[in-house]
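Now, the feature entries from TrEMBL:
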type	residues	note
ACT_SITE	77	active site, proton acceptor
SITE	20	site 'Important for substrate specificity'
SITE	78	site 'Important for substrate specificity'
SITE	162	site 'Important for substrate specificity'
């Protein structure tokens, strides 16, 4: 991770301890710092899945933005939804197995709420990105084997598309990085559009995003 001084204007802060979100920003060669929000996710409930993810993301961004008003703070929350039900992080291998049986052979939605705040500018942007993921039919042997690995433990829906669970995925419709944890096209585009990311400052952006004017 390229650390960015928190007292500088236009510093970028990730309000999350997620190693997957950190990795996505690192891959984009964005200089950033990590400041966990400390948000009690269990205390926040939205009226429906999209709004729930968006409210949580905004709460995380707000908590850190108050501490670092000149920084651009990114908050995010990803959930897996099937049959209108949110599949949270499984508490055990048995629960992970139940989730995977529900997802097997079917299409579910991965919803990431994301929020970008800069208090000193009065900038507060929140939105959601939705990706449809279709699983192949999973055998009991595959489910039992996978749930005995450490991978499902801290993952919404009990799987990691960027890890071992890649073999489960038949197809996706939408942003791959959204399933990992951050819709990078939308986030990098928004930061670029508002001047938080510039060429030649150690906060790089892809030419494709720049040419698109921040739009995906």
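Backbone N, Cα and C atoms are what each Cβ position is placed from, and that goes for glycine too.
Small disclaimer: the values here were computed from a predicted structure and weren't measured.
Ranked by how many other Cβ atoms sit within 10 Å of their Cβ, the recorded positions 20, 77, 78, 162 place 162 at the bottom.
DSSP classifies residue 20 (site 'Important for substrate specificity') as helix under the three-state reduction. Using a 10 Å Cα-Cα cut-off around residue 20 (site 'Important for substrate specificity'), the recorded positions 77, 78, 162 reduce to 162. Here the CA atom of residue 162 (site 'Important for substrate specificity') lies 17 Å from the CA atom of residue 77 (active site, proton acceptor). Distance from the CA of residue 78 (site 'Important for substrate specificity') to the CA of residue 162 (site 'Important for substrate specificity') is 15 Å. When secondary structure is read from DSSP and collapsed to three states, residue 162 (site 'Important for substrate specificity') falls in the coil class.
In the three-state DSSP scheme, the residue listed as 'active site, proton acceptor' is classed as strand.
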